[in-house]
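Below is one structure, written out as structure tokens; comments come after it.
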Amino acid sequence: MWSGIPVFALLSSIGIAAAENGLDGWLRYASVPCNGNCQRALPSHIVTLNSTKSSQVYVAGQELQDGLHQILGKHASVKSTGCSTDSSIVVGTVEAYRQVCNTGSQAPELDVDGFWLSIRGKSVQIVGQTERGALYGAYEYLSMLAQGNFSQVSYATSPHAPIRWVNQWDNMDGSIERGYGGPSIFFKDGVIPQDLSRVKQYARLLASVRINGIVVNNVNANASLLMPSNMDGLARIADVFRPYGIRVGISLNFASPSTLGNLSTYDPFDSSVIAWWGNVTDQLYARIPDMAGYLVKANSEGQPGPTTYNRTLADGANMFARALKPHGGVVMFRAFVYDHHISEDNWYNDRANAAVDFFKPLDGKFDDNVVVQIKYGPIDFQVREPASPLFANLYKTNTAIELQVTQEYLGQQSHLVYLPPLWQTILRFDLRVDQKPSPVRDIISGQRFDRPLGGWAAVVNVGTNTTWLGSHLAMSNLYAYGRLAWEPTLDSEDIVQDWIRLTFGLDRRVLDTLTQMSMESWPAYENYSGNLGIQTLTDILYTHYGPNPASQDGNGWGQWTRADHLSIGMDRTVKNGTKFSGQYPAEVAAMYENIETTPDNLMLWFHHVNYTQRLHSGKTVIQHFYDAHYDGAETAQTFVSRWESLRERIDAERYQHVLARLIYQAGHSIVWRDAINNFYRNLSGIADEKERVGYHPWRVEAEDMQLDGYVPYAVSPFETASNFTAIVTASNGTTGTASATLDFKTGTYDLGINYYDMYGGKSHWTVYLNDRVVGQWQGNSEDVLSHTPSIYLDGHSATRITFRDVKIHKGDRLKIVGEPDGVEPAPLDYAVVLPRGIVD
């Protein structure tokens, strides 16, 4: 039970704290208003039933002492003897509590890592089935206090599943694949650095949401991690995590016996290979006795694996499992295995089929300490996918779900997208195995098929940025992941409200505003990126960030839309298509097989239809595209004003940081909207019924302006420029000027400039009206925003700056002067003159 309901009403306005950089995350423990009564009602002593400084119970005592002082100014002493319940917090394991406190009935039975929390006046008992559970209970108690909740409670809670891990895709050189929060906190220049202070801070955050394992390196692993010096470094990392109840694991490169061990083979049946892995594993456990185990990506996207030697994936997984077995370790074996060279010319080819095709025949052949780690959908972390059918096809195999906190396809932390509502569409989905209730959450816990292991993994990818993920608001997803991994039936809105109170305080307006924005953010992003199950429509061949729908097709990666001038969507039916729908149990298969019973939000995932196909909503497919993209972009515009309403209620540093990203998102959502709508308007030849697509009366196209030092440039992909054309300076040493006489009636407008901010240069622009400077800016988004930059004029680099409340007279002369820098030729797309209340 997590409780965030305060005893007293949330204040309507609370004084702003000093500037904060986000490093403390939701553990900032800001002072809670208190008239002194709550302090007097709190315990004065903390009794930790273990005095060993490396123990989680000892750490729990330190966390309680520090938290009480920060939240309420309460100075509580800590001791490790006795069991007085008079004005004391007693924290320890069930075993220690029963022995020291001489009680056998008060603490209930708990599952592994579960805890019991009892608050009765000044007497608080926090009792864990393990030391880890006791630490979790301490964080729970502090979370209540930090949210102004001084309720008396008594309850026990245990985890949904034993495996609650995070994955980091950190590389040995310090870079992070799909990381948007700065360089690695674990690696630099091929080694583990001496300063691991950020690792300790990360450990606190993870433990506070009950994460119990971490894989610290990229699944596309570098064998050099297994060198003795780096094993020593891993041991130092493990030493930092251990007091917080988090076990360290590593990703392995399957070919390491060859690339690092100088063997002629990495065949999992070869005795020398088996011995090599056994020796490596023994060396690791000699340094890290509680190592969690291994994560393996094999035979996928160019990674080596057992099929090279005609061995099965189970053969490969079991080789590692047997090396780990004596030490109690686990193999997390990724189900992300597919051929990325298949031909779209074959109507029946389908990447979505791959996981079941590879793994279903192996059900029951994996050792009992192997867990198959399955992405939530059949493709790759898309904005909406059906639940992977593999969850329903492994009766005799341990499974875990793989989620992604890092927003690889979902805005890369430069767009606000609160992910739990997306995750819940998968976790709650009932696969109806054998016509029995089979929600995904019950399969991964091991409950549905009576499996001993199972659980959760999330790709997180924090970095050295003080916001951890590159955005303050993105931290809600990491917090929520931990909460759901413990109890997946929790409500997404309740979770984000707890996070808001812990992160931004108890102000009611802040709570209500951020709750609404968060809950609207995923539907908005889905609307302006890709809808009806068509996938995210991002550029899958480059950054995975901005729009490029054509990149989905015509290649072997298998994220196809099969869009042509008449029709769109993948036919995944058994009757006419790839037979993917038949991978589901009968009841679900029947629903997806028939267009009449397929939900609109997955229509194009399962069916290839004409653009004029009517949806259940009554709209045609193409009109739904047009409307959804306008709706989503319009919602994103409102995020800015809603956040601005909180200006006096949030510290200036975090306020400005978030505001810059929301302003950017508002502009980039229009780039998305126009790119997707223009692409499909051009492809289908079908006009928007509401006459919005391609009609922009408030714009002044840059190529139509009077140019001096600027020249027109045909942008590719074409749809990422208004009217398909931008302007660039004639050379990288030439200043460009674009001028136009404005023919809008006199009034006050918002003046927007759409431009391209490319990697490799920091151009400078100045905007004039009749030689009066309206504003100026530099193209430095690579220093400000978190997303992967682009060296091209495209949907990744396209962005907008807006100058508000500009007084414009009809006939005024608009002039934009661009000064190129580096490889960036001060590119411009258009200017837009917007009356108040108009979304271009």
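Backbone N, Cα and C atoms are what each Cβ position is placed from, and that goes for glycine too.
Annotated features in Swiss-Prot:
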- 1-19: signal peptide (SIGNAL)
- N50: N-linked glycosylation site (CARBOHYD)
- N149: N-linked glycosylation site (CARBOHYD)
- N222: N-linked glycosylation site (CARBOHYD)
- N262: N-linked glycosylation site (CARBOHYD)
- N279: N-linked glycosylation site (CARBOHYD)
- N310: N-linked glycosylation site (CARBOHYD)
- N465: N-linked glycosylation site (CARBOHYD)
- N527: N-linked glycosylation site (CARBOHYD)
- N576: N-linked glycosylation site (CARBOHYD)
- N610: N-linked glycosylation site (CARBOHYD)
- N682: N-linked glycosylation site (CARBOHYD)
- N732: N-linked glycosylation site (CARBOHYD)
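Taking the features listed in Swiss-Prot, we show where each one sits on the structure.
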| residue | record | CB count, 10 Å |
| --- | --- | --- |
| N149 | N-linked glycosylation site | 20 |
| N222 | N-linked glycosylation site | 19 |
| N262 | N-linked glycosylation site | 8 |
| N279 | N-linked glycosylation site | 12 |
| N310 | N-linked glycosylation site | 9 |
| N465 | N-linked glycosylation site | 20 |
| N527 | N-linked glycosylation site | 25 |
| N610 | N-linked glycosylation site | 15 |
| N682 | N-linked glycosylation site | 14 |
| N732 | N-linked glycosylation site | 15 |
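The closest partner of N310 (N-linked glycosylation site) among the glycosylation sites, by CA position, is N576; the full candidate set was N50, N576, N610, N682. Neighbour density around each Cβ, counted as other Cβ atoms within 10 Å, peaks among the glycosylation sites N50, N576 at N50.
Comparing CA positions across the glycosylation sites N262, N279, N465, the one lying closest to N610 (N-linked glycosylation site) turns out to be N465.
Look at N279 (N-linked glycosylation site): DSSP puts it in a helix. Looking at N576 (N-linked glycosylation site) and N279 (N-linked glycosylation site), their Cα atoms lie 52 Å from each other.
Put simply, of the glycosylation sites N50, N222, N279, N682, the one whose Cα is nearest the Cα of N527 (N-linked glycosylation site) is N682. Nearest Cα neighbour of N149 (N-linked glycosylation site) among the listed glycosylation sites (N50, N222, N262, N682, N732): N50. Distance between Cα atoms for N682 (N-linked glycosylation site) and N732 (N-linked glycosylation site): 33 Å, as a whole number. In this structure, the CA atom of N262 (N-linked glycosylation site) is 14 Å away from the CA atom of N279 (N-linked glycosylation site). Taken residue by residue with DSSP, N732 (N-linked glycosylation site) is part of neither helix nor strand, so it is coil. DSSP assigns N682 (N-linked glycosylation site) to a helix.
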